């Protein structure tokens, strides 16, 4: 009985780790964690989740405000 319970919790934990890794961002973090180089994660969202904080916007995005440090809030062009 204890072996079944341990196996269940192990598989449950592995499922959430795989889901977190496949999303591309660190799921569950309310605040962006700086990388060792001091830069913030590219996947940080801005403008109520409609944009992404980046150093430079992609070709199909336009700058729409500022994020932390010297990052731009980039939104998709419509």
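Using N, Cα and C of the backbone, Cβ positions are placed for all residues, glycine too.
Database features, via Swiss-Prot:
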DISULFID  43-74  disulfide bond
DISULFID  53-67  disulfide bond
DISULFID  57-73  disulfide bond
SIGNAL    1-27  signal peptide
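Features per Swiss-Prot, on structure.
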residue : record         : DSSP (3 states)
53      : disulfide bond : strand
67      : disulfide bond : coil
73      : disulfide bond : strand
Cα-to-Cα gap, residue 53 (disulfide bond) vs residue 73 (disulfide bond), nearest whole Å:
5
Tally every other Cβ atom lying within 10 Å of the Cβ atom of residue 73 (disulfide bond).
21
Measuring Cα to Cα, how many Å separate residue 74 (disulfide bond) from residue 67 (disulfide bond)?
9
Looking at Cβ-Cβ distances, which residues of the chain lie under 8 angstroms from residue 57 (disulfide bond) while being 6 or more apart from it?
63, 72, 74
Rounded to a whole angstrom, what is the C-alpha distance between residue 73 (disulfide bond) and residue 67 (disulfide bond)?
6
